[in-house]
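**Q** Following this message is one structure expressed as structure tokens.
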């Protein structure tokens, strides 16, 4: 049986749910979009014919249902106590329930525990969706909730997200789990920057989407599961491996790659806003992330160099145009830096 039309339909529903929620001015509309988004993604998760994907879909459903319950309860309380259904400024403690519900659905710290295990059981295409599309709705509404009590929660989410994302990836050998912790770290950065500039936090998230897309392009092409399998692979040229690790290092924020620019500007904005302690936590988490990415890079480079001398696989790959385009895209960070400081 050909499942492609069915999967295409649910992918369309997933995209439609994102536009529906983002264009809604009513909390019930946002909630309906979130539920449609969740159900569509669960069907896509079940498309994989393995037991671990089915187990992960059940875990994902239960946790997303919990997040939806908290979110909807917060919306009901907001209406009962304040008569507010519209999406906008919320100045009461009911916003904390909404934020916790969105945090669970987003997978941000301290509600991150499900992200690495669920992502580790998914296919590469579904992992890409979980790392990108599935974060758009909860993240956009999370950073739009403003109140004094909510800002304290945002600071906690930002600091814990950076630390958990950095420390959690240190002992990971599976690439999916590693990227899961990386997404937790980036969510921490986005919500932290939203304390200073809502628009720049959205810009940071867009840069993250570009970087993670580049990484997953290679992972879908290579179809490997662990870093060890990638390091010892002789079927891939050194140039291909180099481009892949450039994408990973850009995701980690190594200068002068594309991912470094939003982190640097975000730190400058937070220092000007006197969030110095939060900046220190973010830097510490980024340093830990850079450590395990650089460790993987150097170990893979040494193995690849030895194998290239033995097997003569150091050659220009057939997809040179793709590799060149992705390299140019990653080094766009240099151009952005020059434009920013002009």
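A Cβ is built for glycine as well, from the same backbone N, Cα and C atoms used for every other residue.
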**Q** Transmembrane segment per TrEMBL sits at which of 243-261, 300-318?
**A** 243-261
**Q** Quick test of the contact rule: Cβ under 8 Å, at least six residues beyond the ends. What residues does that give for the transmembrane segment (6-22)?
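**A** Cβ under 8 Å, 6 or more out: 29-30, 32-34, 36-37, 40-41, 43-44, 47, 129, 133, 136-137, 140-141.
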